[in-house]
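These notes are about the structure you will find just below.
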Amino acid sequence: MQSTKKAIEITESSLAAATTGYDAVDDLLHYHERGNGIQINGKDSFSNEQAGLFITRENQTWNGYKVFGQPVKLTFSFPDYKFSSTNVAGDTGLSKFSAEQQQQAKLSLQSWADVANITFTEVAAGQKANITFGNYSQDRPGHYDYGTQAYAFLPNTIWQGQDLGGQTWYNVNQSNVKHPATEDYGRQTFTHEIGHALGLSHPGDYNAGEGNPTYNDVTYAEDTRQFSLMSYWSETNTGGDNGGHYAAAPLLDDIAAIQHLYGANPSTRTGDTVYGFNSNTGRDFLSTTSNSQKVIFAAWDAGGNDTFDFSGYTANQRINLNEKSFSDVGGLKGNVSIAAGVTIENAIGGSGNDVIVGNAANNVLKGGAGNDVLFGGGGADELWGGAGKDIFVFSAASDSAPGASDWIRDFQKGIDKIDLSFFNKEANSSDFIHFVDHFSGTAGEALLSYNASSNVTDLSVNIGGHQAPDFLVKIVGQVDVATDFIV
């Protein structure tokens, strides 16, 4: 999604990534840019923070009205409804959650507790609980309901003197509700309704069964299932593509919302965590074992040296390690994001032609097979292109400063390229970067120095016109000035 400070329309052409060098990196860095006065599809664009606040606009929490950022301990149960024939909404045919449903509901609860400072404890069916789960099958006695999906009540919902807060109800006539382990829309339904029970609203003022709302009725552009599983609207409205799959856990704006209500969970995944292939997360939605098994998630991670491993995918991918960014992973679009405040240090691409963008940390980026584009950004990064014709992009002296220089670990002379074109673009000159035999203090001078004994080439550049170079990249292998640079 190309972003400007004017109204834009989501089209296929505006979503097409550039294919080489700096343009590919710049396109990914601005992918799904939002807020700051932008309009998308004729709607105001909300930042991640704005969206989180809007989703919590009812200001209801289990700690009290407008009591924000405080941890909470909640109970939940699966009542058997042996002595109840009708629920508060008038639905009948009530029944207890099956073992399969209970397992999936617990996984949904766990996904909320992972990102927010919430503790859930199960209590027996007959005990009072903050959050309850139940099935219904008829909207009135003898009339089976095949039209609705589920509903829930926010904390502190009082109706006719009854506190309905935390009740969640599911239409067992829907096969995805009855068998949520095999149909991922059912799992999303559970997580969505628990979101309501915790205090989250839809991103817009709409409800199922109230008129015929569409995406045209949204309050802000990012009200889609790319940004929030509390939304009703397809991710395709904002240029995403989940390939017919649904998220199982809170997405980017849901995390902002729930952390506003209860604070962030500071103990989730504090070690060295791997997401995707070879995952050690213990979460099904953060893990994959085959090219056909897709992932849709927003990463919340509280520490450690972490890795996005998408090495088993064959499609071209675009992976961005910056917080609040989106990546195109495994043949989908905008299906992986990173929550605010999270640092993912490393990324491993697959066998397609991947674009991988690092952040300010010391990143290890591995392109794998295919013709890849790698950009470390700030920090002292290690870049591995892998097999194929790879491009290593740099855009600032701070990307690889002396004393904290990047390493290109597997440069292939005459095959790979180093892209310094942004320096020329910034200087508004086609020959700002020019190679010399020695430095004279002139800005733009570049020098290659090869050490045969170590097989390491130093690429030094004087960007600022100082007496000494202010940019240094260490390269394993030889580099040819005539063939191996884009300037």
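The backbone N, Cα and C atoms fix where each Cβ goes, and this holds for glycine too.
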*Figure out which of D354, D416, D419 sits with G386, G388, D390 in the Ca(2+) 7 site per Swiss-Prot.*
D416
*What is the interatomic distance between the Cα atoms of D416 (Ca(2+) 7 binding site) and G350 (Ca(2+) 3 binding site), given in whole Å?*
18
_Give me the sequence-ordered set of same-chain residues, not including G377, G379, D381, D399, D406, with a C-beta within 8 angstroms of the centroid of the Ca(2+) 6 site's C-beta atoms._
G358, N362, N363, F375, G376, G378, A380, S400
_To the nearest Å, how far is the Cα of G385 (Ca(2+) 5 binding site) from the Cα of D354 (Ca(2+) 3 binding site)?_
10
*Looking at the binding-site residues H192, G350, D354, G367, D399, which ones sit with their CA no more than 10 Å from the CA of G376 (Ca(2+) 4 binding site)?*
D399
*In the repeat 'Hemolysin-type calcium-binding 1' (348-365), how many residues does DSSP put in helix, strand and coil?*
0 helix, 6 strand, 12 coil
*Quick one: give me the count of other CB atoms within 10 A of the CB of D372 (Ca(2+) 3 binding site).*
30
